[in-house]
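The feature topological domain 'Extracellular' is assigned by Swiss-Prot to 1-25, 80-100, 159-196, 260-272. Marked as N-linked glycosylation site by Swiss-Prot: ASN5. What Swiss-Prot records for 26-49, 58-79, 101-120, 140-158, 197-219, 237-259, 273-292 is transmembrane segment, and it gives sequence analysis as the kind of evidence. Annotation comment: Swiss-Prot describes 50-57, 121-139, 220-236, 293-322 as topological domain 'Cytoplasmic'. Sequence annotations record features per position, and here Swiss-Prot assigns disulfide bond to CYS97-CYS189 based on sequence analysis.
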Amino acid sequence: MSPENQSSVSEFLLLGLPIRPEQQAVFFALFLGMYLTTVLGNLLIMLLIQLDSHLHTPMYFFLSHLALTDISFSSVTVPKMLMNMQTQHLAVFYKGCISQTYFFIFFADLDSFLITSMAYDRYVAICHPLHYATIMTQSQCVMLVAGSWVIACACALLHTLLLAQLSFCADHIIPHYFCDLGALLKLSCSDTSLNQLAIFTAALTAIMLPFLCILVSYGHIGVTILQIPSTKGICKALSTCGSHLSVVTIYYRTIIGLYFLPPSSNTNDKNIIASVIYTAVTPMLNPFIYSLRNKDIKGALRKLLSRSGAVAHACNLNTLGG
């Protein structure tokens, strides 16, 4: 980081959500509830997958990593937003802002790659069921997840290093509730053409290419399903990928609306609302989508509750006996 960058600005001001002061308490309670639901729901998914041996399959291996990523992704922005709403302290230090940008990009890209890996898993399961065990081996799954982490880290690091080279002069007010990369580039008084090129390249790598892979996977899945002779087989195939398809639809609809619509149709308030859906709502909904539409998850939850009930009953008997 150059001395010019260090002396130009030491902190930024986050304006937060476009809400009136009298609405702060309501929105604070709402987002706190959403964040707790996100954390607890995804932790429950991870716990169920860990405890139930029937869920030790490639699909749930990817799902457990997606749950961890959703917790982390939401934790990058929501706690800071809640703290700002509660204390009205809107300042964030320069290094803290750069760090938040890094982790936001990292977990956003990781989410995209993991969802793509899950689509590939569903493609193999439905289109090549006889070879599923030999293709989706444990080492293959680990490689897909590890590759997702490495590529996401590289993309985030590229953006962060380029961002750290920019100078920020007089204006240090960010009209957002977190340190959004696009908002930071607008504040810079340096040439951001290299940053814009990096954003375009990363969008192809981390958004469009995974989305294309998902479309191709589901295209093959659709063709295979149409060739299944029995209605029961079709329903089973659809139930296998229904939850994942719902997550893909919510995730990429928000991404496309936020980053790929023409600027003229996107006001700042609309961008903030889309970001809220992207960072707070979607990670909260994922556990419900996978649990409500998944017999394996619901079965594992019933087992966990029955075990908990049995343990509680045994503890009560011991207490009474003592």
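Glycine residues also receive a Cβ, built from the backbone N, Cα and C atoms like all the rest.
Taking the Cβ of CYS189 (disulfide bond) as centre and 10 Å as the limit, one finds 12 other Cβ atoms among all the protein chains shown. Counting Cβ pairs closer than 8 Å and at least 6 residues apart in sequence, the transmembrane segment (140-158) and the transmembrane segment (58-79) reach three or more and so form a contact. The transmembrane segment (26-49) shares the most Cβ pairs under 8 Å with 58-79, out of the stretches 58-79, 101-120, 197-219, 237-259.
Remote same-chain partners of the transmembrane segment (237-259), defined as residues 6 or more beyond its termini with a Cβ less than 8 Å from a stretch Cβ, comprise 111-112, 115, 118-119, 122, 125-126, 203, 207, 211, 214, 218, 221, 224-225, 228, 266, 271, 274-275, 277-278, 282, 285-286, 289-290, 293-294.
Among residues of the same chain six or more beyond the transmembrane segment (58-79), those with a C-beta under 8 A of the stretch's C-beta atoms are 31, 34-35, 38-39, 42-43, 45-46, 49-50, 100, 103-104, 107-108, 110-111, 114-115, 117-118, 121-122, 125, 136, 140-141, 144-145, 148, 177-178, 279-280, 282-284, 286-287, 290, 296. Residues of the topological domain 'Cytoplasmic' (121-139) grouped by DSSP class, helix first, strand second and coil last, total 16 helix, 0 strand, 3 coil. The topological domain 'Extracellular' (80-100): residue composition by secondary structure is 15 helix, 3 strand, 3 coil, according to DSSP. DSSP assigns CYS189 (disulfide bond) to coil in the three-state reduction, placing it in neither a helix nor a strand. In sequence order, GLU11, PHE12, ILE174, CYS179, LEU184 constitute the residues six or more apart from CYS97 (disulfide bond) in its chain with CB-CB distances below 8 Å. In terms of DSSP secondary structure, the topological domain 'Cytoplasmic' (220-236) contains 13 helix, 0 strand, 4 coil.
Helix first, then strand, then coil: DSSP counts for the topological domain 'Extracellular' (159-196) stand at 17 helix, 4 strand, 17 coil. Note on the topological domain 'Extracellular' (80-100): residues 9-17, 24, 27-28, 31-32, 35, 160, 163-164, 168, 174, 177-179, 184 of its chain, located 6 or more positions outside it, place their CB under 8 angstroms from a CB of the stretch.
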